[in-house]
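J.: Before I ask anything, let me first share the structure, which is written out below as structure tokens.
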There are 2 protein chains.
Amino acid sequence: MFAGAQVSLYPMTDGFVDVILSSLNALDPWRNQLRIETDDISTLIVGPPEVLFPALRDLYASAAATGTHVVLRTTLSRGCPGEPDDPICQTGALANPEEPLASRQQSALAAIAATPEKGQVADVQFSLYVMGAGDHMAEIVGCIDFLKQSGTFDRSKNFCTRLTGDAGPVFATLQQAFCQFGPPNGHVTIDLTVSANSPSKR
Amino acid sequence: MFAGAQVSLYPMTDGFVDVILSSLNALDPWRNQLRIETDDISTLIVGPPEVLFPALRDLYASAAATGTHVVLRTTLSRGCPGEPDDPICQTGALANPEEPLASRQQSALAAIAATPEKGQVADVQFSLYVMGAGDHMAEIVGCIDFLKQSGTFDRSKNFCTRLTGDAGPVFATLQQAFCQFGPPNGHVTIDLTVSANSPSKR
């Protein structure tokens, strides 16, 4: 299995380079479990979902704590048939394919309840895509049903769903959406935007 | 059919609000063929692909012309089973399902060759997703083969493809990727990032 994310931070300030560089320190506790490569558009972070989502949460929370209007943008993927298996991605976090949807929804809700808060609000917009064989709309509808019970659900929009709340439970919700829905050997992606300190909200 | 995009502009400057508001004027010539709604995270633009892509190109080129480091981020979708049919999205731009892949690739290349330049460089990173029945990987591989011949191809990365060149042919390439691959009644999405004036490139 191959899993990871292409990640970008967009701080809406003249000092955007400083905000990006200082926020990257938040990845330090996770670096030994990830492979990280940067170019001029995004940073590739390869690793298992149970490391990837907390690392993204900490990166976001660090950038948000600067008080700047900043957006974290990520393309997450697991199981892409075009990518090679990678030992660093080995994970026990993906749902058992034999488990019914209702039971997977309950596990996902329990995981959110067990997640501590981070002290930073995260306004999220995301789309979950399930590719390949099987009934991809049944999995997406099951996931939306879980999201509505998650405590972080804000509203549905065209093409995407909005979440809001503390970054702890919000990123836990995203991790559960990514891991519990769609087959464990399937190709699942998330197109994710997380916004902090937007003046449009004030 | 329902088609559209959730669009955001991220200018990396203290004056980000002015860059966003002044760039939006570039949508004026297209507004009567689109439906546009804005909130604090993104702007929904609903309309057919042959209007949507030129409108996004002009919005991007206008923002890039300010000289600021600015990123346009878009989630594009057509044929999502969860969205209602909308007359404003009526289109003749989608490929004929009977047409073989090689012939669709040739039409796509001819459309790019016929597209004038805009005078702004566009550095693109995107992922194309084809959902539902059928061999989604065959369509994606066929699309990547087209991209490599497009004249705008830069390189493949994990989870995505990079294009670079003048915004005219680059957005034409994206439009062809969106319209010519995947079934016309299928669900196709693009996760798109376009970057201008990045200091990391200098």
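Each Cβ is built from the backbone N, Cα and C atoms, and glycine gets one as well.
Features from TrEMBL:
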type	residues	note
BINDING	A:Leu9, A:Thr43	thiamine binding site
DOMAIN	A:3-83	domain 'Thiamin/hydroxymethyl pyrimidine-binding YkoF putative'
DOMAIN	A:122-201	domain 'Thiamin/hydroxymethyl pyrimidine-binding YkoF putative'
J.: Helix, strand, coil residue numbers for the domain 'Thiamin/hydroxymethyl pyrimidine-binding YkoF putative' (A:122-201) per DSSP?
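T.: Looking at the domain 'Thiamin/hydroxymethyl pyrimidine-binding YkoF putative' (A:122-201) with DSSP, the answer is 31 helix, 32 strand, 17 coil.
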J.: Using a 10 Å radius around its CB, how many other CB atoms surround A:Thr43 (thiamine binding site)?
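T.: Neighbour count, Cβ to Cβ under the 10 Å cut-off: 18.
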J.: So, by DSSP, how many helix, strand and coil residues make up the domain 'Thiamin/hydroxymethyl pyrimidine-binding YkoF putative' (A:3-83)?
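T.: Output for the domain 'Thiamin/hydroxymethyl pyrimidine-binding YkoF putative' (A:3-83) reads 34 helix, 26 strand, 21 coil.
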J.: Near the Cβ of A:Leu9 (thiamine binding site), how many other Cβ atoms are there if near means within 10 Å?
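T.: The answer is 24 other Cβ atoms.
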